[in-house]
Amino acid sequence: MMCQAECRHYLQFSFQLPDVYQVFESVAKKYDVMNDMMSLGIHRVWKDLLLWKMRPFPGTQLLDVAGGTGDIAFRFLNYVQAQHQRKQKKQLRAQQNLSWEEIARKYQNEEDSLGGSRVMVCDINKEMLKIGKQKAHAQGYKAGLAWILGDAEELPFDDDKFDVYTIAFGIRNVTHIDQALQEAHRVLKPGGRFLCLEFSQVNNPLVSRLYDVYSFQVIPVLGEVIAGDWKSYQYLVESIRQFPSQEEFKEMIEDAGFQKVTYENLTSGIVAIHSGFKL
Amino acid sequence: MVSAAMATLLRGFLRPLCAFRGSPGSSTGVPLRAVSHGAGLLYPEHIPTSPLQKVLLAAGSAGMALYDPYRHDMVAVLGETTGHRTLKVLRDQMKKDPEGAQILLERPRISLSTLDMGKLRGLPEGSFGCAYLRFLDVNRVSPDTRAPTRFVDDEELAYVIQRYREIHDMLHTLLGMPTNILGEIVVKWFEAVQTGLPMCVLSALFGPIQLSTQSLQLLISELIPWAVENGRRAPCVLNVYYERRWEQPLQALRQELGITEPPLRVEGLV
């Protein structure tokens, strides 16, 4: 069963299997544009849903693996910041009898605006990280954010470090998915949560037909016209088809030691969010 | 009529779709339908495409080429996806001509690695080879910037369009046109009349949009009539084995092809 999951990666590509690193190196600059074009902007909703499912509390330590261009990390920072601000407002309203010193301190913003939340973005690809850092700079994200070059199969972190581990549209590009899952289990604290947002199997036959047509007929053309790169996007749609089904992936997550593993289909199963806990 | 065409297209792509798609998620160990590792390819750079994909590529590349004129690769893609019928006609023309047939047989390629630059530099002033070299130097272009053909589903036709691309600089030399926008448009008009390739026709018709009024006037009144006349008069330029004519004096080659001097200098214009 494990071997099949691995072997899958070496079959069925319509041309010489490209080096995944090179694929992402060449798509990095147009990654976000292409995501918008290919999913007609829906990928933004999927990522928002991942954050809403996560519901991070202030002080959450998040590890976002294969987080390249920072989409999940920025959403996380927005979420915890908004949450922290709401909490502060509530506190201020409740505390009507503050001394002058206490009020002055609050206005000086000595407090951490994120309430102790931190996100580490880990990616194996330098180009993707570079784009992510540029975006962070352009959009003004500084506090609580770190960028680490690392391999999902061998994370450069100690055991029991993080509250939440996310991997969005990244795990299907990992050669040994089971190793990535084991690493995820290792670096999470007891009680920590694993969340994976990934393409999955469509459960509706009509949607499946349309999705296939769109994937195989339109997406490589979009890749060629917009990014001048047919082959990377052909690889993309083929790698999506190779990925295990919702149930199979659930079993793989359970094999890595996670418990209470569930999944939720989005957009008729084009995408699924898998969740598990280290207990 | 449109819906009938769409229906044919839909039927056309549903079949190749089976070749691309493996049955998802089968964990039973039955081998997934393998798309051959290269057996469907007619030449190394070939990317097989369904009729629907060709339509989408043609439309997309046309749009992108207009939107971003620096996307020369899009013009190439447009040529490949729309030129099938025309390429067949050109290939047949080449076969009938002795020099053209030899080109089809020997398949010469023009690149820095295949050209003997040392020999070309030693050629006398006034020769075709010398003029070609000067053209490359003055306009700072290299014969290596031509992208390989990918979307033509016939390997001989793929060579024909590759050859057409590679002799483009030779046509510049023969017509005495520089590589600014006006010069390129003039050469495209010549090529459109000569080859009939849809991409040349579209470029010739839409290229002038970006010109100034003065240049447009000159184009319409003098340059286009000259280019069209020469295009009609000259034999098929794909039938000329340029690599064997480096020593031939430029004027003699022009006379042989019936190409006259340009009516005005295009260098300073935009």
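Quick reminder: no glycine exception, Cβ is built from N, Cα and C everywhere.
Zn(2+) binds B:His168, B:Asp169, B:His172 as TrEMBL records it, and from the list B:Glu156, B:Glu184 the residue named for this site is B:Glu184. Most other Cβ atoms within 10 A: among the binding-site residues B:Asp169, B:Glu184, that distinction falls to B:Asp169. Most buried of the binding-site residues B:His168, B:His172, judged by other Cβ atoms within 10 Å, is B:His172. The record gives B:His168, B:Asp169, B:His172, B:Glu184 for Zn(2+). Within 8 Å of the mean position of their Cβ atoms, the other Cβ atoms in that chain belong to B:Val141, B:Met170, B:Leu171, B:Met177, B:Thr179, B:Gly183, B:Val187.
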